[in-house]
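Have a look at the structure below, then the notes.
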């Protein structure tokens with residue numbers, strides 16, 4: 001009996017440790033990216049190039065861990081048809097999400113970007129209805145209205161609103177919503193179940209290629225022309241490593257928690273980012289209207305998550321694996337890495 005109790009205590013400690021690790025890495029990565037991109041700090045104001053570095057680093061590290069060292073395993077079942085029809089669109093949308101989301105940091109504060117991301121369930125639901133994956137109902141319409149109203153109130157309370165940054169952030173939201181739709185189609189219609197490592201292994205190289213082309217035409221000429229920016233290999237390598245560590249923490253959290261726990265952790269992380277950004281960055285000025293609107297939006301997001309979880313519980317035969325759903329929910333909250 002004593003041994004069993006010690007085992008339970010050990011498992012509980014590990015669970016909380018993994019959750020704290022996820023929250024710390026997820027929040028820290030957002031601040032790290034802002035720090036690297038800021039002209040007042042590291043001064044590498046090229047979000048497309050930074051995202052490209054992340055994807056190349058992730059691709060190389062995934063290959064080494066799975067094929068060279070064979071520490072981690074990649075799920076089997078991937079075919080050329082599935083890769084072309086599903087993985088490439090997912091990779092392209094993921095690249096678009098990270099690129100536009102990171103670009104938004106050049107124009108708006110971290111906290112305001114986080115508040116705008118609360119609109120994500122609305123975008124996912126609207127696109128899901130259009131794709132035939134969701135069904136419109138009075139309850140969902142009410143939840144979407146609450147989230148939208150909360151985001152509008154939070155935006156109204158923003159002191160230094162920059163519409164260019166808002167457009168970039170909302171573009172990232174649309175890209176992430178499309179990625180989640182493609183992910184759901186991949187699992188439900190193609191029947192392929194992927195763990196987080198497999199997702200990184202297949203998607204990262206595709207995302208890197210999708211980012212390389214616009215980087216050559218959009219940012220490389222600027223980098224060649226402007227020599228005022230700073231390239232610090234050690235800092236950028238550490239930044240990329242943190243991104244990869246964040247994805248690994250997702251893998252650990254999935255193994256030791258439920259879908260409900262991880263979604264609650266995501267909401268906690270969002271509030272941590274919003275509040276800490278006010279302390280860490282001079283461009284962040286939170287108002288009571290900001291916080292009130294964001295609280296309304298988060299309440300709507302919580303209702304949406306609860307609805308989705310109940311739906312998964314009552315429809316276990318839908319063909320969608322819990323890990324993939326969790327990956328989608330976590331990565332949507334990390335769309336700016």
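Cβ atoms are placed via backbone N, Cα and C, with glycine included.
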288-305, 306-323 - the range that TrEMBL marks as transmembrane segment: 288-305
Range from 12-32, 163-187, 230-253 with most C-beta pairs under 8 A to the transmembrane segment (80-100): 163-187
Same-chain residue ranges lying at least 6 outside the transmembrane segment (106-133) that approach it to Cβ under 8 Å: 30-31, 34, 37, 45, 47, 140, 143-144, 147-148, 150-151, 154-155, 158, 160-162, 164-166, 168-170, 173-174, 176-178, 180-181, 184-185, 188, 270, 273-275, 277-278, 281, 283-286, 290, 293-294, 297-298, 300-301, 304, 332-333, 335-336
